[in-house]
Amino acid sequence: MDDGYRNPNLYQGSRGIGRETNQVSDDYRYQDGNYEGYAPNDGYYRGGDEPAHEDDAQSDVTEGHDEDDEVYEGEYQGIPHPDDIKAKQKKRAPEAADEYRDHADLMAERMEDEEQLAHQYENIIEECGHGRFQWTLFFVLGLALMADGVEVFVVGFVLPSAEKDMCLSSSNKGMLGLIVYLGMMVGAVVLGGLADKLGRKKCLIISLAINAAFAFLSSFVQGYGFFLFCRLISGLGIGGSLPIVFAYFSEFLSREKRGEHLSWLCMFWMIGGIFASAMAWSIIPHYGWGFSMGTKYHFHSWRVFVLVCSLPCIASLVALKFMPESPRFLLEIGKHDEAWMILKQVHDTNMRAKGEPERVFTVSYIKTPKQVDEFIEIQSSTGTWYQRWLVRFTTTFKQVWDNVLYCLTAQYRMNTLILAVVWFTMALSYYGLIVWFPDMIRYLQEEAYESRVKIFDEEEVSHFTFNFTLENQIHRNGEYKNDKFIGMKFKQVRFEDSLFEECYFEDVTSSETFFENCTIVSTVFYNTDLYEHKFINCRLINSTFLKQKEGCHLDFEEDNDFLIYLVSFLGSLSVLPGNIISALLMDKIGRIKMIGGSMLISAVCCFFLFFGNSESAMIGWQCLFCGASIAAWNALDVITVELYPTNKRATAFGILNGLCKFGAILGNSIFASFVGITKVIPILLASSALVGGGLLALRLPETRDQVLM
């Protein structure tokens, strides 16, 4: 029988069904810039020696004859072919040997293989060069990082409009602001862990697809509950992209380029903030940019803004389809040939862009680590679909959980704990303050607004028609008889201890307007939004409410919204100098000094917030704080990537980033609760957290000179 294509130099399968690994020699050496065992300079991978060429002349008798097609005479008697017996014995020999080896020995062998692979892979990436391929991937992954930056800002920008459009209470607004971070926290841990098992590209596509789908859907849903759910799942998707993006890009960079170019990649988070601020500024105030379908469905301008904010994610998702999987990940799981083809593609793309298409990729053989995981492949005929899915799910979950526990083993425990504290303190301070700054500016605006209030005492108005806007006024002890309030708006108006007799209200819209201790006699309210809760301790005698406005309405364009957009825009733009400095100095002064120095400078900036008693001062100190702290963020991203091996890298990054989002949730909740009460606690909490995290970061090992394990 045909026993299949055989090549003695191809790699044999090792333990585990449905898995192929590569049997490689352990005597790999790199000398004088060349790899022993490489093919001659033709650039092609050779599985074995080429057969000797036979003479072209063949006899008519033997022409077309194939020995593999001969029928073995014992075949029909159930006797196996001798060649089959030898092949099976040869294949089972290493598997049988592995069964009697201790698991610790197998892991030790794998770690030795990984160390050899790390050094060889570094030399291969250097041979591939840094050029067009890396820059293309840089922009594709940059769009994904930009989508993460947009997601952080989008809810904060739409809240002032969404709270009126969906009748949100204060608790609902708070939940909507935190739900995105909750989704990001879960997504970072789950999808980051899966990326070490299923692949960088595959999990990043899943992550971006989830975010794009639910961000798009959230712009159309009307109810608060469904909108909240969509933003939660959208945050889950984009939260998983951050650890994958940095792990993915780092595996195409050489040691000399890694710190600098990962820092340049962080600039896209800044670009995402600028994009969100600019779009909010240009779209949300235009209330007419929308449509309505009857009285129930309204698509206002803030929903257009939410829709536009999903574009970076969609663009990255489309572009990612044309990018390859990480070859470092493929080598880690034993897929040598696929990894080799991708590395050759990287090399050839860069060489063509440099005008050197004749340069040949000289690598013919790459070390692959010993495979010790047990993979389970279930045939489609085995059990029900539910049972097959359950087995795959539990197997994958166990592998991800093992990776999580691995980050806490003796080898990595101290680094993981220190990084966890640094990530948490950085997030608590940064995310707490970027929410506190706009809230404080809004509070200062409200104080200034209230100081300009107009007070009217004991006014008497009769037989008068009000058809204009009343704003920021207090009317006390007034009498209004036979007056008409038609097609008008009340904004920040209070009527206290007043009398309304035989008045008529029609098509009235109000915002922050209340009637306190008033007497309302024989008055008609037609098509107004003066609901019951706006009458506090009032006496209504023979008064009628007809056809009240349904739902919530966007009544006024808030002038201070423009300033909030400007504050966020300037805060995002202010990190540009810090990004440039960190990128240029990351490989010169090192990751540790960058983290410690940046966090300590940011702590000093916090103390100057005590002198921020005006809007302009708060904006200035916010820009200074954001610009100083961005270097620490960039260095944290780089060192987290470099401290962990390839098969644990995305998992570790996901855990730490998930902890970061938990710090963001706490920071938002704690800092927002002190707005208008005191500045002392937020400032002291932020500065002390930054000082503690910065000093602790100095205990981390420096990684700028080590290869990517």
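Using the three backbone atoms N, Cα and C, a Cβ is placed for every residue, glycine included.
What TrEMBL records for this protein:
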type     : residues : note
COMPBIAS : 47-56    : compositional bias 'Basic and acidic residues'
COMPBIAS : 81-98    : compositional bias 'Basic and acidic residues'
DOMAIN   : 137-704  : domain 'Major facilitator superfamily (MFS) profile'
REGION   : 1-98     : region 'Disordered'
TRANSMEM : 135-158  : transmembrane segment
TRANSMEM : 178-196  : transmembrane segment
TRANSMEM : 203-220  : transmembrane segment
TRANSMEM : 226-250  : transmembrane segment
TRANSMEM : 262-284  : transmembrane segment
TRANSMEM : 304-323  : transmembrane segment
TRANSMEM : 417-437  : transmembrane segment
TRANSMEM : 562-585  : transmembrane segment
TRANSMEM : 592-612  : transmembrane segment
TRANSMEM : 618-639  : transmembrane segment
TRANSMEM : 651-674  : transmembrane segment
TRANSMEM : 680-700  : transmembrane segment
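Of the two recorded stretches, the transmembrane segment (417-437) does not lie close to the transmembrane segment (262-284), with fewer than three CB pairs under 8 Å once pairs fewer than 6 apart in sequence are set aside. Contact between the transmembrane segment (618-639) and the transmembrane segment (304-323) does not hold: fewer than three of their C-beta pairs are under 8 Å, each pair 6 or more apart in sequence. Here the transmembrane segment (135-158) lies next to the transmembrane segment (304-323) in space: the count of CB pairs under 8 Å, restricted to residues six or more apart, reaches at least 3. Counting Cβ pairs closer than 8 Å to the transmembrane segment (262-284), the top stretch among 178-196, 226-250, 592-612, 680-700 is 226-250. Contact between the transmembrane segment (226-250) and the transmembrane segment (178-196) holds: at least three of their C-beta pairs are under 8 Å, each pair 6 or more apart in sequence.
Nonlocal intrachain contacts for the transmembrane segment (651-674), taken as residues 6+ away from its ends with a CB within less than 8 angstroms of a stretch CB, comprise 174, 177-178, 181-182, 184-186, 188-193, 195-196, 239-240, 242-243, 246-247, 400, 403-404, 406-407, 412, 416, 419-420, 423-433, 435-436, 439, 640-641, 643-644, 681-682, 685-686. Most Cβ pairs under 8 Å with the transmembrane segment (592-612) belong to 680-700, among the candidate stretches 178-196, 203-220, 562-585, 680-700.
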